[in-house]
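As given in Swiss-Prot:
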LIPID     Gly2  N-myristoyl glycine
DOMAIN    42-364  domain 'G-alpha'
REGION    45-58  region 'G1 motif'
BINDING   50-57, 187-193, 212-216, 281-284, Ala336  GTP binding site
BINDING   Ser57, Thr193  Mg(2+) binding site
REGION    185-193  region 'G2 motif'
REGION    208-217  region 'G3 motif'
REGION    277-284  region 'G4 motif'
REGION    334-339  region 'G5 motif'
Amino acid sequence: MGAGAGGLSLRGARLSPEERANSSKSRAIDRALSKDHTDDLNRFKILLLGTAESGKSTIFRQMRVLHLDGYAKEDALEYLSIIHSNCMEALTQLVEACSAFGILHDITVQEDVDRFEGFKKKLRDPEGLVIPVVIGRCMDRVWQSSSMQMCYETRRFRFALLDSAKFMDNIVRLTEDNYVPTIQDIVHCRISTTGINEIAFNHKKMDFKMVDVGGQRSERRKWIHCFDNVDMILFIVSMSDYDQLDPEDHKYNRMKQSYEIFKTIVHCDLFRHASIVLFLNKYDVFVEKLKTSPLRRSFKSYDGDNSEESARDFIKKLFRRCITDRHKFFVFETTATDTGNIDLVFGSAVAHIVNENLRSAGLHE
């Protein structure tokens, strides 16, 4: 009987060029995945959390500005329609506020308001919104009018328009034909985070990985997937929310809702080894709002005066009560749109954590 009938054929052990290439590619992928896993373990991992509109995604963008190459022209242009949408939303809110409070416009201003409203009705694709130059000029005239300025100055806190004022002041520039968003335009724009965004960067010879997840209630269930091996929780609270209702549930105060989420996070067993950093954000707006909206109106347990220091300390203590290990908790006042402020505060937070870790290991006095 021939060898081919009962013996071992070597024909199947030979690989085609395509198979060899695929095998080589597979091994390369395995090595890359292994390297990524090792690199990930060696990085200082930060989980960025907070409720919607707290400013956490602004801080995420600041990390790109501070520690990477910022935004190339092509990347910056992706924010154009977002910035234009912010402008449309801001003026729409102001027009509605004028109507709600019975503030009347001059005839010429009302004509521009009607022109603006007509443009909105004709919009086919809000996602790719680009405001034409002529409408930008029209919006500027409405914004600069005495009736609109009076509405803004007296009702701005009701409509949370402080961030948008920067855009409205620059609406002519923002709607020029050759407009390319600047770094500050990108930092100031408002956009809801959906899903999970990651950024890796180096800061003072340390490798970091920051993960930003959506702040809306529907996005919070995704946080659990980011919990593995977290070194630091960076939780963002909007200080200016102390007198605002939660847009997702009007029964709740926004800051109290943020407090409840913070309490849940810090008591989660998955974070028992993580440092907790709290950014009390929009601090500049908070200071301004206190002049017309006392903290006591929203927090009945507050018995201090209406000074910035007393109100700030009350909120700090409120959140600090959730913490059991005080050595791993750090709190800072921030203004997310101020690049210099975020650079300084982030550096301080990291330095505090590193020093505390060294002290815990007996390597630092």
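Even glycines carry a Cβ here, placed using N, Cα and C.
Since we're looking at a predicted model, the values are computed, not measured.
Remote same-chain partners of the region 'G1 motif' (45-58), defined as residues 6 or more beyond its termini with a Cβ less than 8 Å from a stretch Cβ, comprise 160, 187-188, 190-193, 197, 208-216, 223, 226-227, 229-238, 241, 246-248, 254, 257-258, 261, 265, 274, 279, 281-282, 334, 336-337. Annotated pair Ile191 (GTP binding site) and Ser57 (Mg(2+) binding site), C-alpha to C-alpha distance, rounded: 8 Å.
Model confidence over the region 'G4 motif' (277-284) is summarised by a mean pLDDT of 96. Ranking the binding-site residues Ile191, Val213, Ala336 by how many other Cβ atoms lie within 10 angstroms of each Cβ puts Ile191 at the bottom. Sequence-distant neighbours of Val187 (GTP binding site): residues of the same chain at least 6 apart with a C-beta under 8 Å from its C-beta are Thr58, Arg61, Gln62, Val65, Ala336, Thr337, Thr339. Every protein chain considered, the tally of other Cβ atoms within 10 Å of the Cβ of Ser57 (Mg(2+) binding site) stands at 24. Taken through DSSP, the region 'G1 motif' (45-58) splits into 3 helix, 6 strand, 5 coil. Ser57 (Mg(2+) binding site) and Asn281 (GTP binding site) are 12 Å apart (CA-CA, integer value).
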